[in-house]
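Enquirer: To start, I am sharing the structure in question, which I have written as structure tokens.
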Amino acid sequence: MGDTVEKDDLINEAQVDLLRGTEKYHSEDESSRGPKQNWGVQFFKNQQQQHHHSSSSYPNASESENPNESLVQDVSSTAILTPLDDDLIGKDEPDRGNWSGRFDFLMSLLGYSVGLGNVWRFPYLAYKNGGGAFVLPFVLMLFLLGIPLMFLELSFGQFAALGPSVIFERFCPLFSGLGYGMIFISAAVSLYYTVIIGWCILYLILSFRAELLWERCHPEWASKTCYSYKDADECHSVNGSVYAFGKCHNATWADENNITRTNDDSGMTNKHAPAQDFFENGVLHMSEGMENMGQIQWQIALCLLAAWALTFFALSKGVKSTGKVVYFTALFPYVVLFILFFRGVTLPGSTAGILYYITPRFEKLAQAQVWSDAAAQIFFALSPAWGGLITLSSYNKFHNNCLKDALIVAFGNILTSLFAGFVIFAIIGYLASELNMKIEDVVDEGPGLAFIVYPDVVTRLPISPMWSILFFVMMITLGMGSEFGLLEAVITAVQDTFPRLREKKTWVVLVVSIVGFLGGLAFTCRGGIYFLQLMDNYVSSWSVFVMAGLESVMFGWIYGADRYMQDVEQMIGPMGRWKTFFSLFWKFLSPFTLLAVLVFNLIQYRPLKYENYVFPGWANAIGWILSLFPIVFISSISVMRIVKAPKDKSFIERVKFLLKPTPEWRPAHKIPKEDLTELEGGQEGRTISNPNFTSV
């Protein structure tokens, strides 16, 4: 009994010290901190009079509850945790749901960040920008932009437990449209991202055959430059026969055309692997350009419907069910990638491809496109300024160590991208050797690269249909992991904006899925690949750079980096040297990097190209409209805010007022009801009204 009383006294003293610390923290340099809401001392004093703060009171607890149980709730945090933390986390608002465990969030974050962008987008950008010349700026952008902005958004969402559609309204009303701009980016990317998942589903279905369709050059889709190693080997087994122009020719024809087995590629200056012709002609039925969008390809449309159906069933039950699904979607792809890597490096010519990948061509670094693509890929991979990071972290426990999560996922992401590059360039090196071509001429650069190189290598594996099935299951799981994060950002925005809809999440997900499917049908047309390329180049680059730069300025200068780091320390404890590190990047390095990339790209801007097709002016105009739409929207909301501000204030005073947090801005932390006047007066008898314990 004596031990129990002693433990209770220790807990009570710890809570009093914690409250005093909160009082001290919010009383320091109040003039420089601006009107940030005193969710410490002043909040306690006024909560009886301010009915909108009544949610701060603790829920009733039964007397049988033992306050000494679970003294430390989360070992991942260095913050002081007590039995109060189960009550401190969250607000008395309609239930948003929470991750059922820390690793559910980590796996969801890993699945969101490590996706098709690593094995689909990064390799084709590296191939497009000279291999090793792209790796250097990509790694540099990780440290300049990726890690600082990722941690910023993870801590931001976790601190307030709100999605981007609401959190900026409370944090900085002048730029409240920033959250909706992020949601627009996530929604737009999810449209064509799901189409790529649909392609994977179609390939998966076509893989259930004794022989893969793209192992040979079938006349219904093969071009004259199609070159199948399987057809060539079978042709060469017949004495005197040669394989050229996608067909096997007898010795007589070879003699008449002066073609021998040693130079049977004569006249074939642009040979293609069957996988390329199959993707472009057998699957997409590509038109000549955006001028001819053509009809919807019903096979792709049905697979797109299947992709949205999978998304609906995975997201309709909330983040708890999503957290379980991503254990598979986040980990399974690594198994398949390792298998493909070990097969790729054993192929002849793979060394040349890997050397091309890791050898920097420094003359490429003078091109703005290389730096722009590197920055865009970091945003595509880690997704800062897309809204997804804020959304996922908003379901965290308040004391989760989001810094550790940010570092794990950031480095895991870049290592996955670099590893996927080794896999794909080993295969490209092999194809260059087989086709007797330069590495840079093996396949056409573009978003279809992964659907040409990876499918081709599985034809070199024993029981190739089985490996093809595994590969496309991997691609689907990668895509779905990222799609969950993109769509969760959109769905959370709807529910945070209209809290009553939180109880009807299934219907919200259903409506979003139907709208997404209808919006994605444009990408299933014959000219859909051109529209996809347009969206991928414009939507996820220019406006994202501007929004990320604005976000850095908001935290680094308007709210204050040091002030925000104090808020972060309320969650994860002392930051040490990390405070200086992040403050430096948020205030100077990240905004400067984004500004430099923007200016450099504007100077060297060129109209978009895809393979040999140059996009017409009207198509580039559509791209610019899509790119600038979030910026125009954010600016319009800012102007409206200023216009609606009190008329008795000057323009400057209105702006200053709108740059300050609102009374609703506070941490996702229930503050206990108690009268701090007794604490401030130093009286010995004091009572804290938390029903879980009493200190006298």
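Every residue gets a Cβ built from N, Cα and C, even glycine.
Sharing the feature lines straight out of TrEMBL:
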BINDING   GLY111, VAL114, ASN118, ASN413, LEU478, SER482  Na(+) binding site
COMPBIAS  21-33  compositional bias 'Basic and acidic residues'
COMPBIAS  55-69  compositional bias 'Low complexity'
COMPBIAS  686-696  compositional bias 'Polar residues'
DISULFID  CYS217-CYS226  disulfide bond
REGION    21-69  region 'Disordered'
REGION    676-696  region 'Disordered'
TRANSMEM  134-156  transmembrane segment
TRANSMEM  177-206  transmembrane segment
TRANSMEM  296-315  transmembrane segment
TRANSMEM  327-358  transmembrane segment
TRANSMEM  378-395  transmembrane segment
TRANSMEM  407-432  transmembrane segment
TRANSMEM  469-494  transmembrane segment
TRANSMEM  506-532  transmembrane segment
TRANSMEM  538-560  transmembrane segment
TRANSMEM  581-603  transmembrane segment
TRANSMEM  623-643  transmembrane segment
Enquirer: Whole-number Å only: compute the distance from the Cα of SER482 (Na(+) binding site) to the Cα of CYS217 (disulfide bond).
Expert: 34
Enquirer: What is the Cβ neighbour count of GLY111 (Na(+) binding site) at a 10 Å cut-off, with all protein chains included?
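Expert: Excluding its own Cβ, the number within 10 Å is 29.
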Enquirer: Do any residues of this chain, six or more beyond the ends of the transmembrane segment (469-494), have a C-beta under 8 angstroms from a C-beta of it, and if so which?
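Expert: Non-local partners: 96, 108-120, 163-165, 179-180, 182-183, 186-187, 189-190, 193-194, 196-197, 200-201, 203-204, 207-208, 307, 310-311, 314-315, 319, 322, 325-326, 328-330, 332-333, 335-337, 339-340, 383, 386-388, 390-392, 394, 450, 454-455, 458, 501, 505, 508-509, 512, 516.
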Enquirer: At a threshold of under 8 Å on Cβ distances, which of 134-156, 177-206, 327-358, 407-432 pairs most often with the transmembrane segment (538-560)?
Expert: 177-206
Enquirer: Pop the Cα-Cα gap between CYS217 (disulfide bond) and ASN413 (Na(+) binding site) into the table, whole Å please.
Expert: 37
Enquirer: Determine which residues of the chain contact the transmembrane segment (378-395) at the Cβ level, with the cut-off under 8 Å and only residues 6 or more beyond its ends counted.
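Expert: Distant Cβ neighbours of the transmembrane segment (378-395) are 96-99, 105, 108-109, 112-114, 117-118, 121-122, 138, 141-142, 145-146, 149-150, 152-158, 160-164, 167, 179, 182-183, 185-186, 189, 319, 402, 409-410, 413-414, 417, 485-486, 488-489, 492-493, 540-541, 544-545, 547-548, 551.
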Enquirer: For the transmembrane segment (506-532) and the transmembrane segment (327-358), decide whether they are in contact, meaning at least 3 CB pairs lie under 8 A, counting pairs 6 or more apart in sequence.
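Expert: Per Cβ check, the transmembrane segment (506-532) does not touch the transmembrane segment (327-358).
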Enquirer: Please figure out which one of 134-156, 177-206, 296-315, 407-432, 623-643 racks up the most CB pairs under 8 Å against the transmembrane segment (327-358).
Expert: 407-432
Enquirer: Flag the pair the transmembrane segment (134-156) / the transmembrane segment (407-432) as in contact if three or more Cβ pairs fall under 8 Å (sequence separation 6 or more).
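Expert: Checked: the transmembrane segment (134-156) vs the transmembrane segment (407-432), in contact.
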